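Database features, via Swiss-Prot:
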BINDING   Tyr133, Asn199, Lys207, Lys242  2-oxoglutarate binding site
BINDING   Cys235, His241, Cys307, Cys309  Zn(2+) binding site
REGION    379-536  region 'Disordered'
COMPBIAS  401-410  compositional bias 'Basic residues'
COMPBIAS  468-480  compositional bias 'Basic residues'
COMPBIAS  512-522  compositional bias 'Low complexity'
REGION    575-624  region 'Disordered'
MOD_RES   Lys599  N6-acetyllysine
DOMAIN    963-1019  domain 'Tudor 2'
REGION    1024-1043  region 'Disordered'
Amino acid sequence: MGSEDHSAQNPSCKIMTFRPTMDEFRDFNRYVAYIESQGAHRAGLAKIIPPKEWKPRQTYDDIDDVVIPAPIQQVVTGQSGLFTQYNIQKKAMTVGEYRRLANSEKYCTPRHQDFDDLERKYWKNLTFVSPIYGADISGSLYDDDVAQWNIGNLRTILDMVERECGTIIEGVNTPYLYFGMWKTTFAWHTEDMDLYSINYLHFGEPKSWYAIPPEHGKRLERLAIGFFPGSSQGCDAFLRHKMTLISPIILKKYGIPFSRITQEAGEFMITFPYGYHAGFNHGFNCAESTNFATLRWIDYGKVATQCTCRKDMVKISMDVFVRILQPERYEQWKQGRDLTVLDHTRPTALSSPELSSWSASRTSIKAKLLRRQISVKESRPWRKAEEERRREPTRRPGPASHRRRSQPKKSKPEESRSPGEATAGVSTLDEARGCSRGEAMPEDEEEEELLPSQGHEAEGVEEDGRGKPRPTKARNKKKTPSPSSPPLLSAPPALFPTEEVLRPPPQPKSPGPAMGPMAAEGGPPPTPLNVVPPGAPVEEAEVRPRPIIPMLYVLPRTSSTDGDREHSAHAQLAPMELGPEEENQAQAGDSQGTTPFSKLKVEIKKSRRHPLGRPPTRSPLSVVKQEASSDEEAFLFSGEDDVTDPEALRSLLSLQWKNKAASFQAERKFNAAAALSEPYCAICTLFYPYSQSVQTERDSAVQPPSKSGQRTRPLIPEMCFTSSGENTEPLPANSYVGEDGTSPLISCAHCCLQVHASCYGVRPELAKEGWTCSRCAAHAWTAECCLCNLRGGALQRTTEHRWIHVICAIAVPEVRFLNVIERNPVDVSAIPEQRWKLKCIYCRKRMKRVSGACIQCSYEHCSTSFHVTCAHAAGVLMEPDDWPYVVSITCLKHRASGAGGQLLRTVSLGQIVITKNRNGLYYRCRVIGTTAQTFYEVNFDDGSYSDNLYPESITSRDCLRLGPPPEGELVELRWTDGNLYRARFISMATSLIYQVEFEDGSQLTVKRGDIFTLEEELPKRVRSRLSLSTGTPQEPSFSGDDVKAAKRPRVASVLATTTEDTGRSPEYLSFMESLLQAQGRPGAPF
């Protein structure tokens, strides 16, 4: 392997293919270092074709009964080479059932001439016939005796996560299985923590891969941010959601280098740190994958971006890697002064002195522990009974009750426990062994105690009943398996194989029963999925290292598709106490300052490579049929009626309505005022609510200077100008935005309009003093928008020689800019008749006839309609959305109901509120007491977290006297098990607790989120269970028309009766009044 020239280093960054000999194939870590020395890592992806004599499994004829617990249906939306993928969880099925489904006429691979033809059909039909993917299945198809390139036992430095931190993350440091069909897809992403990954295609149709070199990964991220601004604003690392698909045509168009390759059955694919990759399956197949790491990865892991919007994403503490393998940089790294510069061209080193020292210390202690374990095991006669019990045929498991793992529990004596019991999620191995239906699960079968291994293995050991729970989220909920799930395999799972040099002498195995009708006659069949045959001696299974995650053998979870709660399910595994001699050895061998084995607890977590999602309920061009009566109930404000001071409001708005005489001077006042308030651009104000401008001006006593000529960052993503209507190009080849993302602000010499040059489409050489907008250049002093009822603001000419607000052209989905760079002319011919007929809830009573084209709330099938400028003046939230949904619009009703605790009104003592009583019904009650409790959120070193930590639990700081620690500070805390742990402080939250009294005198303590004031709109679930009476004499005091109104099918919105109503908002009135009273004060551009 060392004869090749290393100087080339793959400068073209193309995907390389390697064919190792059997001798080269034996050492996984050495071969990975070799292929990097050849430059394979520069492509981000490499193919390895193993030797012909190597086989991971003798036959795959016996896996049809394996359960796929949570298949996902992949729904894809989008167009023009840009797509978003949503995963919807489906019911469990067996591999046999999935095979028949994949080969059915509906889901089978289409006829094609070659790969190019199949690839065209994939991208052309991506949004049709959503396929089903059997993804994220914990387990392995490798036979027990396979030592080379065993995905479940790669022996890389990633094993430190388990050995030193006691953390097993399913799919990251354990294998995952994937059963695919035609068109099942993995979207663009890098691995969690930018790790390596390995993928082996066991059998079936090929799998196509696309890869982008790591040195060009930032370019893909910038392109994705432009296409999907909504997602990028919500999470900087949104590509880790694995929902974004970008076609090769788009990549070519924007000059992003990529390569493609096809993986055949029996081949390995390896992805490298920060290598973006995506791909799809050609038909029914089965693959197995996991993550691993090398010394080169450590620097990548230290700077890897983290998803900030989902707490269940995979996080690995880099502390152990830096402390042990980079000790000279550890102190600087802890202080944030270790500046890491990644070199994507540098290959990895095979080993280092620090790694060799750590491996040697672990191997020495492991040998002593293994010898002690075997001797202790042989002295226990009750093992025979356990062995006999394991030999019994497996019955179909039924539901079992589960203890909340977050609470400490009483342990039974050591002799009452059985070996090899492990948990994964909410399932135990005893479920796979056939617990009878309705039988209670014994406490001693809920947890297994493990010791971390030394070197590259972990050893299963006996429990002593003294384990305590690991700090984790206290509100972790467990799911109960469904009794109607498919049957399981007929043999219990075993543990992973250990190193051959440490195995006890092999015992002869008796033939086990056939696993299925396809098993060979006359002899024992191949061992399926690491299952120990019933006749195998129990000693062999007991010295296997870590508990296999038994998802292949347990009932599937059939709970809701809420991915957040499912991800958080994990099992607690308690430690074993060592004897004096072994404990001394463990302490002595802990030269690197790692956690003592006797105190380490193993925690199993669930990772989801394909997170669940919810697709949009309608297309961007759809128009929901308007329900006038419903809108009138929700919005009584007409723009001039139903207000406390009609004359004041009429004077504020009269000059700008189109049914009044045009006033160019009034428009100048609007534009001039807008130029002095954030965001200083009459077009960017679309995504900047009025309330923000009002608050800014109230907080500032000094009038801000003019911003004309300054460079600021536009709020309107370039995609918003291009994705409307029939545009097929998502982004223009160039725009007037600088390399730093800023654009100059320019002001019209006549109408005082101020805009970004890029937003209005002005070439840089024309952005200077004396510039005039299109409307003033045409001397169209009375120009008005053809899509709304308000004058003023930034206008552009249409193809029909009319005028249109630029913000109206952006927000109305059918409108498109013919010249995207210059933002004109604008084509409105594609607007459907249904949209022209929609009535604006804000101005329909003011205007004598329906005019303009309305937009609608984006929330599901909400039919609330309004003109763009009316909605903006009313404070309706509008935000950038992902392609092809240009703008996300949330009406005031759904904004209030979806904001959660952020918009909750203050509840005072003595106030009448509505809450749920113990009988499940909702009643009126009175608040008689209130208190507040402060909780801290912290992240532990092993990646777990807690968001309900009491301040007094922190021991390294007197939080009750000094307050919370600074964000990001390392603290020491005492957990519920009495032990001290280190964690990083994240944030502080205060929860309000209320004491309420019902009409019958009963009292209840409830949280603020469970209380509804009389002014709030009641959710449907509350209205359906709202009771007018508790059967007490005090009923009349709480009855009335307002209570009866709450029982109507649709309740009048809070917006019609409180100051949240746009027309009655004091902030809204004062802001609008400021527009006309004096020039130079902040105002609202239209």
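Heads up, the Cβ atoms here are built off N, Cα and C, so glycines get one too.
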Check: same-chain CB within 8 A of Zn(2+) site center, minus Cys235, His241, Cys307, Cys309: Ser231, Gly234, Ala237, Phe238, Arg240, Thr308, Arg310, Met313
Around the Cβ of Lys207 (2-oxoglutarate binding site), the count of other Cβ atoms that are within 10 Å: 25
Mean predicted confidence [pLDDT] for the domain 'Tudor 2' (963-1019): 84
His241 (Zn(2+) binding site) in three-state DSSP notation: helix
Tally of DSSP helical, extended and coil residues in the domain 'Tudor 2' (963-1019): 3 helix, 31 strand, 23 coil
Least surrounded among the binding-site residues, given as Cys307, Cys309, when other CB atoms within 10 Å are counted: Cys309
All-chain count of other Cβ atoms within 10 Å of Lys242 (2-oxoglutarate binding site): 20
Cβ neighbour count within 10 Å of Tyr133 (2-oxoglutarate binding site): 24
Secondary structure of Tyr133 (2-oxoglutarate binding site) (DSSP, helix/strand/coil): strand
